[in-house]
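Worksheet for the structure shown next.
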Amino acid sequence: MNPNQKIITIGSVSLTIATICFLMQIAILVTTVTLHFKQYECSSPPNNQVIPCQPTIIERNITEIVYLTNTTIEKEICPKLVEYRNWSKPQCKITGFAPFSKDNSIRLSAGGDIWVTREPYVSCDPGKCYQFALGQGTTLNNRHSNDTVHDRTPYRTLLMNELGVPFHLGTKQVCIAWSSSSCHDGKAWLHVCVTGHDENATASFIYDGRLVDSIGSWSKNILRTQESECVCINGTCTVVMTDGSASERADTKILFIEEGKVVHISPLSGSAQHVEECSCYPRYPGVRCVCRDNWKGSNRPIVDINVKDYSIVSSYVCSGLVGDTPRKNDSSSSSYCQNPNNEKGSHGVKGWAFDDGNDVWMGRTISEELRSGYETFKVIGGWSTPNSKLQINRQVIVDSGNRSGYSGIFSVEGKSCINRCFYVELIRGRKQETKVWWTSNSIVVFCGTSGTYGTGSWPDGADINLMPI
């Protein structure tokens, strides 16, 4: 090859390489510009409209890094939108309840480090359910568990685990509390945590892991709250709190909270005479609660909360098959919707019920005097007809020979409807079982079903003779 041919060949190769590099730079430039404009757009599947990401509140910010030669291109994927829950779907139509979860905490305590607890409840965020309880600052196989029958100490804290995970040593202590309520507004968790002296307690309002607000005791007599989930609609969360006598008139208030800040307080109004430990559920556009009258009635009070104008209406469940313990036998018990029945009203237990048209679903202890056994059933006309007593779809959850305790409701939003679920506290130890010095619990959880179901009994199941003393 002569010198001229070499020069021509080298020039051709150089020109080809230069052309390729030029085309690559154009491709990189086009890609960069395209991704720059697309990082702020999300395609909306239903109608292919373009929705800007920036003005919305996002849950997570995911960035992918793509390397092309020496050029770095950042592409931001539009994240999942996070919105306040509004609970506007209808209530699911159910035929009864099916088993959902059981934590077996007491049985596991025989050979492991499990917290001593009471006052459990369940609540769900949009994607997952969690179990809560008030811990006693000790595990069961620890001498500090002696005398944990007492409700209020400075060592009690609110525990939170994924539903079905017992409260082990790695459990998160959400706040200091001997009375509590928790709920998720669609964006973050709100925890209402009461602690302090009986005559001057403090309620702390913790939102998204930060203390946002607080309120002190207004009647100087054991400020207390629901011991089950609160409810949030369109960013406004409601919680029922009582301060005052447990056996005479007390001062109940309904607090309205937005992102942890108390924005309004309404006094209880209506015909309810005594209200404690409410079990609340969303009933769009408001919130409905079924509570405990510890003074006059073994029929349960109802508190209806209007989230928009902060108004409150209260009454009593109409069903003549009443839900509290102690109570009269079913043949002689009564309820006429508006007032306490003055039947074994003193004392009581936390419980639940919810309306289904004119009917009512409810749960209660099987024993009329003790926290033993647990049953659920539907009362035809039990929400609207005074002293209605036609019972259908009865189920035994815990047989009458085994202990139960508090129970409460929680709601789960499905694709087309809102399902109602409940938990039952299964208390073990003192005061009834004096062979041991501790008092603690496990839980069992059921949810509404439109299908068929069988029978059974789901007690705590721990052999007290095998337990640490």
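Please read every residue number as a count from 1 along the shown chain.
Cβ atoms here come from the backbone N, Cα and C positions, even for glycine.
Residues or ranges marked as N-linked glycosylation site by Swiss-Prot on the basis of sequence analysis: N61 (among others).
The N-linked glycosylation site annotation in Swiss-Prot covers N70 (among others).
What Swiss-Prot records for N86 (among others) is N-linked glycosylation site, and it gives sequence analysis as the kind of evidence. In this structure, N86 (N-linked glycosylation site) belongs to neither helix nor strand by DSSP; it is coil. Sequence-distant neighbours of N86 (N-linked glycosylation site) (same chain, six or more apart, CB under 8 Å from its CB) are I233, N234, Y284, listed in sequence order.
The feature region 'Head of neuraminidase' is assigned by Swiss-Prot to 91-469.
For the recorded site, N146 (N-linked glycosylation site), the DSSP three-state label reads coil. Look at Swiss-Prot and you will find N146 (among others) tagged as N-linked glycosylation site.
Of all the Cβ atoms in the protein chains shown, 16 others lie within 10 Å of the Cβ of D151 (active site, proton donor/acceptor). Secondary structure at D151 (active site, proton donor/acceptor), taken from DSSP and collapsed to helix, strand or coil, is coil. The active site, proton donor/acceptor feature in Swiss-Prot is assigned to D151.
Within the same chain, the residues at least 6 positions away from N200 (N-linked glycosylation site) whose Cβ sits under 8 Å from its Cβ are G216, S217, K220, listed in sequence order. Here Swiss-Prot flags N200 (among others) as N-linked glycosylation site.
As annotated by Swiss-Prot, N-linked glycosylation site applies to N234 (among others). In three-state terms derived from DSSP, N234 (N-linked glycosylation site) belongs to neither a helical nor a strand segment and is classed as coil.
Neighbour density for N329 (N-linked glycosylation site): within 10 A of its CB lie 7 other CB atoms from the protein chains shown. The DSSP secondary structure for N329 (N-linked glycosylation site) is coil. Here Swiss-Prot flags N329 (among others) as N-linked glycosylation site, drawing on sequence analysis.
Other Cβ atoms within 10 Å of the Cβ of N402 (N-linked glycosylation site), summed over all protein chains shown, number 17. Sequence annotations record features per position, and here Swiss-Prot assigns N-linked glycosylation site to N402 (among others) based on sequence analysis.
Packing around Y406 (active site, nucleophile) is summarised by its Cβ count: 25 other Cβ atoms lie within 10 angstroms of its Cβ, all protein chains included. For Y406, the entry in Swiss-Prot reads active site, nucleophile, with the evidence type sequence analysis.
Mean per-residue pLDDT, taken over the region 'Head of neuraminidase' (91-469), amounts to 98. Put simply, N402 (N-linked glycosylation site) is 20 Å from N329 (N-linked glycosylation site) when counted between their Cα atoms. For the glycosylation sites shown (N146, N234), fewest C-beta neighbours within 10 angstroms: N146.
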